[in-house]
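Novice: Have a look at this one.
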Amino acid sequence: MAEGAASREAPAPLDVAGGEDDPRAGADAASGDAAPEASGGRMRDRRSGVALPGNAGVPADSEAGLLEAARATPRRTSIIKDPSNQKCGGRKKTVSFSSMPSEKKISSAHDCISFMQAGCELKKVRPNSRIYNRFFTLDTDLQALRWEPSKKDLEKAKLDISAIKEIRLGKNTETFRNNGLADQICEDCAFSILHGENYESLDLVANSADVANIWVSGLRYLVSRSKQPLDFMEGNQNTPRFMWLKTVFEAADVDGNGIMLEDTSVELIKQLNPTLKESKIRLKFKEIQKSKEKLTTRVTEEEFCEAFCELCTRPEVYFLLVQISKNKEYLDANDLMLFLEVEQGVTHVTEDMCLDIIRRYELSEDGRQKGFLAIDGFTQYLLSPECDIFDPEQKKVAQDMTQPLSHYYINASHNTYLIEDQFRGPADINGYVRALKMGCRSIELDVSDGPDNEPILCNRNNMAMLLSFRSVLEVINKFAFVASEYPLILCLGNHCSLPQQRVMVQQMKKVFGNKLYTEAPLSSESYLPSPEKLKHMIIVKGKKLPSESDLLEGEVTDEDEEAEMSRRVSGDYNGEQKHIWLCRELSDLVSICKSVQYRDFELSMKTQNYWEICSFSETLASRIANEYPEDFVNYNKKFLSRVYPSAMRIDSSNLNPQDFWNCGCQIVAMNFQTPGPMMDLHTGWFLQNGGCGYVLRPSIMRDEVSYFSANTKGIVPGVSPLLLHIKIISGQNFPKPKGACAKGDVIDPYVCVEIHGIPADCSEQRTKTVQQNSDNPIFDETFEFQVNLPELTMVRFVILDDDYIGDEFIGQYTIPFECLQPGYRHVPLRSFVGDIMEHVTLFVHIAITNRSGGGKAQKRSLSVRMGKKVREYTMLRNIGLKTIDDIFKIAVHPLREAIDMRENMQNAIVSVKELCGLPPIASLKQCLLTLSSRLITSDSTPSVSLVMKDCFPYLEPLGTIPDVQKRMLAAYDLMIQESRVLIEMADTVQEKIVQCQKAGMEFHEELHNLGAKEGLKGRKLNKAIESFAWNITVLKGQGDLLKNAKNEAVENIKQIQLACLSCGLSKGPGSAAEAKGKRSLEAIEEKESSEENGKL
């Protein structure tokens, strides 16, 4: 398995004697990891959580004196006020044989401040690309940040907290962006402190993402509290969380003594957090008591609260909460609304919706009444189905189901009657139950003569268990439409004599009744009926006697896949097909799925009827896919094709369905009884569209005239590539691999992210390994993938054990790209056999951005510039027919205009994001929030005013403003202007492109004749036809991209206006701006509505 993560080295050691002129340059100084990487790509000494300075406990002499001590001791968490007494940085390594955990998690701002006071090593990045190792600390009076060593005077090697304007997480300053070492610096380990009136930056890199988050959270807390008395000195005891835990403890403490039995405390914590193991809770109590030099079976209120906070606080969730809440210990309704809109991509969020979420997930009664969500409620919300990675819209039928049957991928099973391998496994009726419950819409019935004139199903390599044909039909009838109401295809393998064939017909008619679809196909039609029209119908696929013959029986070729396999294995196969006799009654049950033999595409396109279906062995289909990928795609636009596993797969292993989906093959039959990566892809793919078993293929595979090659390794014509940003944050409750031989439950997990799709999209990346942590391993690694054909892409998360013996597989989850939800999401992991594992999840952040315009609208309409300095234009091809080439030449200028407008808008948006210090995945609302924070003066009035000009929101200064603000306003104005040009010009340009497309399509039917007249034939004619399809595809695709870009621009303007109003930028002399802004929103909506109605 290829490793995607780059190898990283250890950070340079701290040089106490070095000054600012003694840089640590190179990759080792820029490393973003917390530990050196050992051979084989494995990380050693990587710990989860963050080690904090220890707190001295008060010893208890005896259990008898515990009650008195509990009443007398003040319940206050101590804070280290003198870091000079603590060991810091470069601690000597020791070997411990104790089973006690030695680390404490960050669970509050108090913990962040404590860590900062103790200090740690950070890398200081200078604008000249030099990097220095420095030891940073927070003053004991919390007024300044200091670093050493430095040649500067001690009073100069510091930064006053009061001078800090902003703290940015990530590489989001000019120093990082322009730094030659930027690519070697971990995004999640970098942060910047902007200070002074000119927003100068102090750019730093921590040794881990955890440490970076601690500094960012702590500094933001200090800055936000700079004008208020600092209350963190009281520790955690006055937080809403502590008050709630105190209430919980007191309710369980029936004696009111302030202590309870350890067993009771363990049970209470398990009730509050069912995911915790009892052994882990008991170990935590022992650790706390050991630190206080006491050993007892009773737990105080303080110990209970401390244990709960350490066990149940996920640092990554705490840092997220602090970031959202602007450094509070909870979220109010406004914070939650902002989180849902900005991070989660939810639209039309109201305060009532947020209060409802708080009421459902907040654990404390006080929080529910006052409308705030503390860390534990927020964690539960993030773990709830509402924050699942899978788009809820795709959990129901969401696609157009009125297109021809050949336009859909169909969930299909091979050897459905088997539950083990096909060579030795017995037949089992549960195979049908399982497949149908999984939404399978094409199943196999391999029928042979049975005793007593009763047809049977069996594995002819294992006759130990026989299934009566009738019993199988009854099971199918019972479960056929439980998971899906759309048509079920029965692939009939007929090996029966004529008398038993007639018994089969009688039984099918009796069991299925009017569900059997036997209507003769209409010769006036060109395509198969739709799934919508065939609801609750059972379609028989099989051989059929010629309709013009009056014979009651006749001879047909036998497509016996199992017999072919047996003959190949035994060496009896000579390439000749067998023939069988077929009765008229069974032939008449076959209507729109008549099995025919494939010859070649040229003959099929001329002679094959739309109701005829070809079956391809895996070997044949693979050869065709490699040699004739474009022809295979075009063939599948009209006809159904079925691909079944190779005859040599006697172990019932599975083929890779993606290889054949890329060619448009609708029915790719899988061995449902064999779990593994290939079955994971199949199962994940058919989760979409409500799991109904039918998935609409990409439009480029359905359009009559379009160009697409399954083997493409570049950009697809007419489709705008997208960038998928995946941050693997953490894992929860990873189990030990099922087949592991090692003793104990310790694992070293890492995560692989796989992208499956067309060859241009296939990719894989992996995280570093987290040592000996299965409960809450922190990965904090971000990956980026370019996706050229999103509609045909799958994302697979795989968790593996790096220190395995026997079995490395921990869990996986596979999801279609189109079903990904943006934002912070939990991935519910599945076992090797595909079952959801309770409480086992992967915490990730998902963002989808445009590469160069277009992309997804609404919740996924983010923007990013990832192109080359020289703009590339999609080129039209020369066909060699002057009349048609002249038409396409007219489209060249409109195409350039369309690409220019889209990319100009995207580039302007990216410029605003960069000046706001935000990453490309940030939303425009985040930009406006950042922008407004800099444009609000010290007396809380804006330095600019929102002014509406022709329904577009401009910002005008209300006096003299600093140069930094001038640059930001100039970038904002350019963004509005480019959006305006796109909105106002898009329809005109798109119409020109559409007219060229229509004019070109008028020659489609006569293309062969025109080519022949011009002397084109053979390969030249085929090339001309291919170029024509390419041009039509480009024109249609670019027209659609421009339309989508206009919709995105309109949505952006609405977001900007609403954000300006909500951020207070409408205040001041332009007091009527708010009302005017609302009117402009209505004007844009009315304009859009009238344009749409005009087109209709």
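Even glycines carry a Cβ here, placed using N, Cα and C.
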Novice: Select, from SER62, SER524, SER646, SER1080, the one residue given the annotation phosphoserine by Swiss-Prot.
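Specialist: So the answer, going by Swiss-Prot, is SER1080.
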Novice: Look up coiled coil in Swiss-Prot and report which of 179-199, 746-766, 956-976, 1040-1060 it refers to.
Specialist: 1040-1060
Novice: By the record in Swiss-Prot, which of SER84, SER570, SER940, SER1071 is the one labelled phosphoserine?
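Specialist: Going through SER84, SER570, SER940, SER1071 one by one, Swiss-Prot annotates SER570 as phosphoserine.
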Novice: Among SER39, SER48, SER108, SER652, find the residue to which Swiss-Prot assigns the annotation phosphoserine.
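Specialist: My reading of Swiss-Prot gives SER48.
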Novice: Out of THR347, THR557, THR937, report back the residue that Swiss-Prot marks as phosphothreonine.
Specialist: THR557
Novice: For the feature phosphoserine in Swiss-Prot, which residue out of SER96, SER129, SER1066 does the record point to?
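Specialist: Swiss-Prot annotates phosphoserine at SER96; the rest carry no such entry.
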Novice: What does DSSP call THR557 (phosphothreonine) in the simple three-state scheme?
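Specialist: Strand, per DSSP.
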Novice: Considering every residue in the region 'Interaction with GABA A beta subunit' (544-568), what is the mean pLDDT value?
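Specialist: So the average pLDDT across the region 'Interaction with GABA A beta subunit' (544-568) works out to 71.
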Novice: Might you list, by sequence position, any residue in that chain lying six or more from THR557 (phosphothreonine) with a Cβ less than 8 Å away from its Cβ?
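Specialist: Non-local contacts for THR557 (phosphothreonine): LYS543, GLN577, LYS578, HIS579, ILE580, GLN597.
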Novice: Quick check on the domain 'C2' (702-831): DSSP residue counts for helix, strand, coil, in that order please.
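Specialist: Computed counts for the domain 'C2' (702-831) are 6 helix, 58 strand, 66 coil.
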Novice: Count up the helix, strand and coil residues in the domain 'PH' (114-224) according to DSSP, in that order.
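Specialist: In the domain 'PH' (114-224), the DSSP-based counts are 35 helix, 40 strand, 36 coil.
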